[in-house]
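Engineer: What follows is a structure written as structure tokens; I'll ask about it next.
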Amino acid sequence: MEEDLFQLKQLPVVKFRRTGESSRSDEDGISGEHEVQIEGVRTELEPVELGDGAAVPKEFANPTDDTFMVEDAVEAIGFGKFQWKLSVITGLAWANAMEMMILSILAPQLHCEWRLPSWQVALLTSVVFVGMMSSSTLWGNISDQYGRRTGLKISVLWTLYYGILSGFAPIYSWILVLRGLVGFGIGGVPQSVTLYAEFLPMKARAKCILLIEVFWALGTVFEVLLAVVVMPTLGWRWLLILSALPLLLFAGLCFWLPESARYDVLSGNQEKALATLKRIATENGAPMPLGKLVISRQEDRGKMRDLFTPHFRWTTLLLWFIWFSNAFSYYGLVLLTTELFQAGDVCSISSRRQEVKAKCSLTCEYLTEEDYTDLLWTTLSEFPGVLVTLWIIDRIGRKKTMALSFLVFSFCSLLLFLCVGRNVLTVLLFIARAFISGGFQAAYVYTPEVYPTATRALGLGTCSGMARVGALITPFIAQVMLESSVYLTLVVYSGCCLLAALASCFLPIETKGRGLQESSHKEWGQEMVGRGSHSPG
């Protein structure tokens, strides 16, 4: 069959005109027109008009040449009502940021109510990241083996169940275990980006994934506002239960969520993939491409060795370090912000540390209204990061966007060496957090684009796992090392981001303006630059 298609492609293309004349293809038209008079054929052809939405008659289609891939169908259908619905549903899963933001609210409350020492309070945060780190690769493997929707639904329902259950924890050991299980479920929520990206046309992909990140910021803001209302009256248990509401809403809407057509084609389920594409075309009011859906070569899915093939070895290693640096710096800045605000500036931290050492480690301080206000303003700084990244990512590319974000964060970290006032300190911290969150968002755009369908979920899962390693380590830098030397702490974060900026520049593949790769057996970009232009070979 492939040999027949190859021979057909070598034949000159003949275009039949209304007058009965013909000419070769446009490429041959450069050397002159070749007119062909066909005897026995009526020279006057009647035009055929089709009604709105009517299908092209089969006699006008070439069954041996009219084929299309999922990428072609997604591009032809475009962005419409289906993608808007998917954006909202995916965003509800991404609003699990509430489960992360609650850590900064729950820790001081339990410290006072259960008289916990500081190391046990810190362990409540660490155990969530341990759960996320241990499960990220597993959820990626499940999504590649059994489907993106399957992996996402199980992880969200898992997080919902143990999130509500943790509100009934009677003692410290119970809540420690339950929050660890919540972290285990959160490790699979980033797979929503994989599912979402595979339904987006190329031009809208970066903008839409970045806008999904807005749900993360909205989740953190909603958590702070919810805490202001719930904590003084109902307490932390009701806060844990009510914080699971977005995931409960997502679980109720899961029946509408389709499986990725790219995954179905890769797993050999052509009919299901075609039905999904027709459903999207119907909802968007767009026509389906003519011809037959091409089935990609079936491959082993979710294999770790595929991340280290010659085409992806350096990409995987560099991305792991980039994701590590993103989480290491982002959560480190969150921890440093509280310390710097309480001290006033970097130069005041040393004197403040001497006063703190004289206090008992069990000194109880509940969060005040001013503390909640500071948390809210700090969280709002992520919205400018989304806007800046949204503006530059399609102009300068994914790699340069990540490199720029790391460089700005590193520069702001070095400026913190100066004994500036609180206002300037606030500006520097907000700029640093805006850009490091923007770098995180750019990584979420780049990673699903660079890996083929067979390993896309696993690649994102392993990167997310490396990010959790950085989140685990950063408390020892932002809190423990800070007690010894604040300047050394800032140098560590600044140096890490400088190396991450270099790693971003050395990534071998730029995905700007490219489609998603279907098969790992082709050179990267072979089927993605555009199916309208074919090389002579």
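Just so it is clear, glycine is given a Cβ too, placed from its N, Cα and C backbone atoms.
Pasting the feature list from TrEMBL:
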type: DOMAIN; residues: 85-512; note: domain 'Major facilitator superfamily (MFS) profile'
type: REGION; residues: 518-537; note: region 'Disordered'
type: TRANSMEM; residues: 86-107; note: transmembrane segment
type: TRANSMEM; residues: 119-142; note: transmembrane segment
type: TRANSMEM; residues: 154-175; note: transmembrane segment
type: TRANSMEM; residues: 209-230; note: transmembrane segment
type: TRANSMEM; residues: 236-257; note: transmembrane segment
type: TRANSMEM; residues: 311-331; note: transmembrane segment
type: TRANSMEM; residues: 401-418; note: transmembrane segment
type: TRANSMEM; residues: 424-446; note: transmembrane segment
type: TRANSMEM; residues: 458-478; note: transmembrane segment
type: TRANSMEM; residues: 490-509; note: transmembrane segment
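Tell me about the surroundings of these features in the structure.
Structural biologist: In this model, the domain 'Major facilitator superfamily (MFS) profile' (85-512) carries an average pLDDT of 81.
Outside the transmembrane segment (119-142), and at least 6 residues removed from its termini, the chain residues within Cβ reach (under 8 Å) are 99-100, 103, 106-108, 110-111, 150-151, 154-155, 172, 175-176, 179-188, 190-191, 302, 304, 457-462, 464-465, 468-469, 471-472, 475, 479.
Within its own chain, the transmembrane segment (209-230) has Cβ neighbours under 8 Å at 87, 90-92, 94-98, 100-102, 105, 192-193, 196-197, 200, 238-239, 242-243, 246, 367, 369, 372, 375-376, 379-380, 382-383, 386, 389-390, 393, 437, 440-441, 444-445, 448, counting only residues six or more beyond its boundaries.
Beyond its flanks by at least six residues, the transmembrane segment (311-331) meets 402, 406, 409, 433, 436-437, 439-440, 443, 446-447, 450-451, 455, 459, 462-464, 466-471, 473-475, 477-478, 493, 496-497, 499-500, 503-504, 506-509, 520, 523-524 of its own chain at Cβ-Cβ distances under 8 Å.
Same-chain neighbours of the transmembrane segment (490-509): 314-315, 318-319, 321-322, 325-326, 328-329, 332-333, 346, 399-400, 402-404, 406-407, 409-410, 413-414, 416-417, 436, 439, 446, 450, 477, 481, 524-525, counting only residues six or more beyond its ends whose CB sits under 8 Å from a CB of the stretch.
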